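As recorded in Swiss-Prot:
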- 35-55: transmembrane segment (TRANSMEM)
- 56-76: transmembrane segment (TRANSMEM)
- 98-118: transmembrane segment (TRANSMEM)
- 120-140: transmembrane segment (TRANSMEM)
- 153-173: transmembrane segment (TRANSMEM)
- 180-200: transmembrane segment (TRANSMEM)
- 226-246: transmembrane segment (TRANSMEM)
- 248-268: transmembrane segment (TRANSMEM)
- 292-312: transmembrane segment (TRANSMEM)
Amino acid sequence: MSVIEQNSVEYPPLIVSEAGVSDYIALLKPRVMSLVVFTALVGLVIAPVHLHPVLAATSILCIAVGGGAAGALNMWYESDIDALMTRTANRPIPRGRVSSPEAAAFGITLAIFSVATLGVLVNWLAGALLAFTIFFYAVVYTMWLKRWTAQNIVIGGAAGALPPVVAWAAATGSLAPQPIILFLIIFLWTPPHFWALALFRSDDYARAKVPMLPVVAGPDATRLQILLYTIVLVTVAILPWPLGYFGAAYGLTSVALGAGMLWFAFNVYRYRTGTQANRAARALFKFSLLYLFLLFAVLPLEVAAHAVAAMIW
């Protein structure tokens, strides 16, 4: 045996991550991020102080990246649950495309970047609110509430309701009733929306041992809670009109959309078995997305209409 052969050492093969750009984008939860960006834009546009376009774009980018960071940390911590659920089994970590340490590092890096950038370039109230939003979703909801209480969606919904508040703070450096109203609408919208999903995905949640309300309290109790929360949501969403915070266009839209939400929620409560029950839950889930989108979309249009009227008159 030669000296070279005697001293040769076999090294383990270098493990190269299979993750592509699309896998890291998936970690950001793009569909959730789109809702975050949309509601934040509304909060920014209706604020009485208008940021310089560069700062406005920076604010929205930071809020989007912060929301994505929270999503990545959520996927990192919940990879064991995701692997057990049909709806989430194809996410990057369960599929082995991204490792848990990579996802955690990715999420933490984005979180620090988004908060620091928003704080330094815009203002620290917005930065602090964004940091709280990420912490609440990634730690309070993901690591605690999701696995321990059937009220996980109710309390955890606060994180998803904060983006318009962060955006308003970015524009004004302060808080006011208007962003709090937007917060309350999203907060009250979250339980009917996600419990409708949980009704027709209850087997998935039960398999993963996630204590969603239909799994813990049963489908009938969930249907009642959906109806009650919808009644409160519709009422709270209409009130800003008579209170003078939003205009007639918003008010009429909220009344019309509220009637639709109540109708779909009542159908969920009424149909309790068979395909009709699943169909009603799916219909509410889909309509609730349209409800929130149209309700928020009318606000920038109202602001634009007032601006045009002011120029004319």
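All positions are counted from 1 along the displayed chain.
Cβ coordinates are placed from backbone N, Cα and C, and glycine is handled just like the others.
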Long-range Cβ neighbours of the transmembrane segment (292-312) (under 8 Å; 6 or more residues past either end): 35, 38-39, 41-42, 45-46, 182, 185-186, 189, 193, 237, 246-247, 249-250, 253-254, 257
Intrachain residues whose Cβ lies under 8 Å of the transmembrane segment (98-118), provided they are six or more past its termini: 17, 19, 23-24, 27, 58-59, 62-63, 65-66, 68-73, 75-76, 79, 92, 126-127, 130-131, 134, 138, 166, 170
